[in-house]
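Okay, structure first, notes after.
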Amino acid sequence: MQFSLSIATAILAATASAMPVLETRQTVGTTANEFTSGGCKDVVLLYARGTTQAGNMGQEPGPELGNALKARLGAARVAVQGVAYSASLLGNLNPGGAPANEATSFRTLIGQVASQCPNARIVVSGYSQGAALVHRAVEGATAAVRARIAAGVTFGDTQKQQDGGRIPGLDASKTLIICNTGDRVCEGTLIITAAHSGYGARAGEAVDFIAARV
């Protein structure tokens, strides 16, 4: 028995040493704090989730966007940071589609990244009410901070029509607003239909746009 156990141990050790070492994959879930906990990367994605979604990234399309961007550019180059805000139903009823104080907090976060990471390319993004938060945060930022934003991408944007298909203060060449056909919130209403979901499938479209600008 002792002899057999020794042989088995040796075989297991040899097999383990011959196995390839798998690279640990960093996956983005419903919560991501890679800037606040890990600092600067070449690209910092700041993302605001939709109304009532979980964590600070939501169920979709935030995680899909973060993971697709890491896959395209390399996980070591990208820090994904969710935006902490209430994402309440009533938040949508505020002027501009989002609470002013929470837009200010998002704006402060953008400024923090710009200050602490002078070489980083900043990307701002959001879904639904989170898209409105992007609009309100960017429009109130200083010109110097806005100049640091490489791309702004929104999904199911509740402020698309109100703001003329743009993010105020951000150059049109840096802006992509993704809206599904039939998504009524992109038409200036708060009527939720099936078309307001499924934006995770369009993360690749967003990444193509971002990658060309960072």
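Cβ atoms here come from the backbone N, Cα and C positions, even for glycine.
Between CYS179 and the candidates CYS117, CYS186, Swiss-Prot records the disulphide pairing with CYS186. Long-range Cβ proximity for CYS179 (disulfide bond), meaning a same-chain Cβ under 8 A and a gap of 6 or more residues, is found for PHE155, GLY156, ASP157, LYS160, CYS186. Among the recorded positions CYS40, CYS117, SER128, ASP183, CYS186, the residue whose Cβ has the fewest other Cβ atoms within 10 Å is CYS40. Within 10 Å of the Cα of HIS196 (active site, proton donor/acceptor), the following recorded positions from the list CYS40, SER128, GLN129, ASP183 place their own Cα: SER128, ASP183. In the shown protein chains, 21 other C-beta atoms lie within 10 A of the C-beta of HIS196 (active site, proton donor/acceptor). SER128 (active site, nucleophile) falls within neither a helix nor a strand when secondary structure is assigned with DSSP, and so counts as coil. Here ASP183 (active site) is compared against the recorded positions CYS40, CYS117, SER128, GLN129, and the shortest C-alpha distance is to SER128.
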